[in-house]
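What follows is a single structure, and I will ask about it in a moment.
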Amino acid sequence: MLKVLILPGDGIGQEITTQALKVIDCLNADFNLGMMLEHGLVGGNAYDETGSPLPQATLDAARQCDSILLGAVGGYQWEFLERDLRPERGLLELRAEMDLFSNLRPAILYPQLVNVSTLKEEVVSGLDLMIVRELVAGIYFGKPRGVEIRDGQKYGFNTAAYYELEIRRIGRSAFKIAQLRNKRVCSIDKANVLEVCELWREVMTDVAKDYPNVELTHMYVDNAAMQLVKAPKQFDVMVTSNLFGDVLSDCAAMLTGSIGMLPSASLNQDGFGMYEPIHGSAPDIAGKDIANPLAAILSVAMMLRYSLNQASLACKIEAAVNTVLNKGYRTQDIAIESDLVVGTNKMGDLVVEALV
Ligand SMILES: NC(=O)C1=CN([C@@H]2O[C@H](COP(=O)(O)OP(=O)(O)OC[C@H]3O[C@@H](n4cnc5c(N)ncnc54)[C@H](O)[C@@H]3O)[C@@H](O)[C@H]2O)C=CC1
Ligand SMILES: CC(C)CC(=O)C(=O)O
Ligand SMILES: [Mg+2]
């Protein structure tokens, strides 16, 4: 029996996870998946109920399950809490506690959405790139950090830091993935300015020696942002640090039509994973039944493929998403005038219908 911990979180996290659960229920009922679900709290909801954005019970459950499915965390009402109590801190801690250092963010343009991308068809059609983001170190975790009074005024500071081993292991993840794809890794850094990136580049170059069939190139992050918009199909695998990966993956998401289309996997050394859409809790649209649940549903597909050894069921989910898009159904974020616009719930139902 596969045990999966469900952490819907806040805002649209709740609505989109409900749709992903419909898909899991269907796979359990009709395809004998045998997935047992446990539900837990994380983020703002967890803070409201327990006083912590990552309750001990959630962490204990995370340590005892085979995989985690997470919605999203955060919301306006928690923005003024002390930083360690904020929803985002709960998610960051969960990633760190489970050592989920390898964050895979595939940006794939479904052909049905080519006209929804903000870029021209010839620039984006056929886009299939993989962003490999380091997830448990770098400036999101570096110390010292804080805001204090210096020289009679407020002074804010964070630390961008990587150990060689932290760079080496994310490098290996990227090269291994590239070996299964088009055998090209582009490492993104800012080595012209930052010492930490100088080390990043040096270590990536060294890791590359173990993967002679994969081509390694380097690119500065400012240029990478431009190239993603100018000629995104030049990339196969992009490997980068925590902050740069966070920013570049939101950018890449828009090439596919919407941030509501991008799933992700966050893996540790043993292949244990947490799966979540790359978007946040979208408080601006929460509770309106308009959020796109496809990133959450496609995150279930990634879970089946990367952690649960069920690649054929993963393909079934992806095929079902394709079928629904082929029929012209769209949530608002990926709709153009001629499409059949449906809500979050209906989109979940349509994917389930296409599955069976
Ligand atoms: N992994 C996580 O849980 C993340 C949490 N956050 C948190 O989420 C909250 C909102 O942050 P934002 O910067 O606004 O980022 P966001 O990703 O939540 O939203 C950005 C924009 O994209 C839209 N959007 C996002 N997901 C969508 C979906 N599935 N369907 C249709 N439209 C969608 C939103 O309506 C909004 O206009 C903050 O509290 C932030 O800290 C942000 C990013 C990641
Ligand atoms: C902790 C999250 C709010 C960071 C983020 O934006 C992300 O992981 O995509
Ligand atoms: Mg982000």
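Along the chain as shown, the residues are counted starting at 1.
Cβ coordinates come from backbone N, Cα and C, glycine included.
Those TrEMBL annotations? Automatic predictions, nothing curated.
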Of the candidates R83, R105, R145, which does TrEMBL annotate as part of the substrate site that also includes R95, R133, D222?
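TrEMBL lists R95, R133, D222 binding substrate, and from R83, R105, R145 it also lists R105.
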Please report the Cα separation of P87 (NAD(+) binding site) and R95 (substrate binding site) in Å, rounded to an integer.
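Answer for this pair: 13 Å between alpha carbons.
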If you count Cβ atoms within 10 Å of each one, which of the binding-site residues A282, A286, I290 comes out on top?
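The residue with the most neighbouring Cβ atoms within 10 Å is A282.
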If you measure R105 (substrate binding site) to D246 (Mg(2+) binding site) at Cα, how many Å is it?
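Checking the Cα atoms of R105 (substrate binding site) and D246 (Mg(2+) binding site) gives a distance of 10 Å.
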Counting every protein chain present, what is the number of Cβ atoms, excluding its own, within 10 Å of the Cβ of R133 (substrate binding site)?
29
Using a 10 Å cut-off on Cβ-Cβ distances across all protein chains shown, tell me which of the binding-site residues (G75, P87) has the largest neighbour count.
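Selected residue: P87.
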C-alpha of G75 (NAD(+) binding site) to C-alpha of D250 (Mg(2+) binding site): distance in Å?
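Cα-Cα, rounded: 18 Å.
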